[in-house]
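So the structure is just underneath, and the comments pick up after that.
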Amino acid sequence: MLESHLIIYFLLAVIQFLLGIFTNGIIVVVNGIDLIKHRKMAPLDLLLSCLAVSRIFLQLFIFYVNVIVIFFIEFIMCSANCAILLFVNELELWLATWLGVFYCAKVASVRHPLFIWLKMRISKLVPWMILGSLLYVSMICVFHSKYAGFMVPHFLRNFFSQNATIQKEDTLAIQIFSFVAEFSVPLLIFLVAVLLLIFSLGRHTRQMRNTVAGSRVPGRGAPISALLSILSFLILYFSHCMIKVFLSSLKFHVRRFIFLFFILVIGIYPSGHSLILILGNPKLKQNAKKFLLHSKCCQ
């Protein structure tokens, strides 16, 4: 018999899972229909579609972890499962990083020659960013598969083992290298891009307030809404990365509140940010409304 707090937690996990599948599914379906109609896809739509697909698989795994934790189902640790998990996790991280870089290049106003060069070519670089991410993540998975005998299972045992074990020095060294290669690099790129974008939008907002003080100008709130959207992206992305670091470096007893809280917060990112993307994109927002209205009419 499940305890009451576990039932509430599982209901929240189900809602989170359904929201993540719906929001990311909307992004994939809408951009897929546009691709069929026009036989081409805009760079941003391509990046969003790839990100949404990776988040769907990530959401599936997070829900699988929730089912394991709640119902004490045995987790089968094999190289294939570990490779799929690592591939989806790292690919989603890099695609989200490139989305932040894309927004920065398109919206931010910086006069540095390198930034101007990036601003003019960012659209053409998107397919290469995606391809480069696939190759890089594949290399990371090959590295993990080489040390899967003592590294990846140790990472997963942090979730589901009750007895703590002392890390070996070689395992710790590899985990440090893995952290730098997998988390630090994309996180640093993302922080630089998004903070630069936030400062640029903040400066633009202050300039608008000074020039049009006391007057009502159409679209005056657009920079503020964009700034709030980017800030929410930053908070979700950063908290997601930090919790992954905690879960991979510390041991938690299953069903403890802190462990359940961390897993729930991890699931908020792929569903919550996709919802923000839909609300901030007129095309996606309109199609999401049409889908909801059609669903109500069919009932």
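Using the three backbone atoms N, Cα and C, a Cβ is placed for every residue, glycine included.
Look at Swiss-Prot and you will find 1-9 (among others) tagged as topological domain 'Extracellular', backed by sequence analysis.
Counting same-chain residues at least six beyond the ends of the transmembrane segment (10-30), those with a Cβ under 8 angstroms from any Cβ of the stretch are 2, 48-49, 51-53, 55-56, 59, 62-63, 66, 70, 263-264, 267-268, 270-271, 274-275, 277-278, 283-284, 287-288, 291. The annotation transmembrane segment is assigned in Swiss-Prot to 10-30 (among others).
Taken from Swiss-Prot, the feature topological domain 'Cytoplasmic' covers 31-55 (among others), and the record attributes it to sequence analysis. Same-chain neighbours of the topological domain 'Cytoplasmic' (31-55): 20, 24-25, 88, 91-92, 95-96, 98-99, 102, 122-124, 126-127, 129-130, 270-271, 274, 277, counting only residues six or more beyond its ends whose CB sits under 8 Å from a CB of the stretch.
What Swiss-Prot records for 56-76 (among others) is transmembrane segment, and it gives sequence analysis as the kind of evidence.
Taken from Swiss-Prot, the feature topological domain 'Extracellular' applies to 77-81 (among others).
The transmembrane segment feature in Swiss-Prot is assigned to 82-102 (among others); the stated evidence is sequence analysis.
Mean pLDDT across the topological domain 'Cytoplasmic' (103-124) comes to 88 in this model. Sequence annotations record features per position, and here Swiss-Prot assigns topological domain 'Cytoplasmic' to 103-124 (among others) based on sequence analysis.
Marked as transmembrane segment by Swiss-Prot: 125-145 (among others).
Marked as topological domain 'Extracellular' by Swiss-Prot: 146-178 (among others).
Taken from Swiss-Prot, the feature N-linked glycosylation site covers ASN163, and the record attributes it to sequence analysis.
The annotation transmembrane segment is assigned in Swiss-Prot to 179-199 (among others). Here the transmembrane segment (179-199) has Cβ contacts under 8 Å with residues 90, 93-94, 96-97, 100-101, 103-105, 107-108, 110, 140, 143, 227, 230-231, 233-234, 237-238, 241, 244-245, 248 of the same chain, all six or more residues outside its ends.
According to Swiss-Prot, the topological domain 'Cytoplasmic' annotation covers 200-222 (among others), on the basis of sequence analysis.
Annotated transmembrane segment per Swiss-Prot: 223-243 (among others), in sequence order, evidence recorded as sequence analysis.
Marked as topological domain 'Extracellular' by Swiss-Prot on the basis of sequence analysis: 244-257 (among others).
Residues annotated as transmembrane segment in Swiss-Prot: 258-278 (among others). Using a Cβ-Cβ cut-off under 8 Å and counting only residues 6 or more beyond its ends in the same chain, the transmembrane segment (258-278) has close neighbours at 9, 12-13, 16-17, 19-20, 23-24, 26-27, 48, 52, 55, 58-59, 62-63, 65-66, 69, 92, 96, 159, 229, 232-233, 236-237, 239-240, 243-244, 246-247, 252, 284-285, 288.
The topological domain 'Cytoplasmic' annotation in Swiss-Prot covers 279-299 (among others).
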Practice task
Go through the chain and flag residues at least 6 beyond the ends of the topological domain 'Cytoplasmic' (103-124) whose CB is under 8 A from any CB in it; none is fine as an answer.
Solution key: 43, 193-194, 196-197, 200-201, 203-204, 226, 230
Problem - Spatial neighbours of the transmembrane segment (82-102) far in sequence, C-beta under 8 Å, 6+ residues away - result: 43-44, 47-48, 50-51, 54-55, 57-58, 61, 122, 126, 129-130, 133-134, 136-138, 140-141, 144-145, 148, 152-153, 156, 182-183, 186-187, 189-190, 193-194, 197, 233, 237, 241, 244, 270, 273
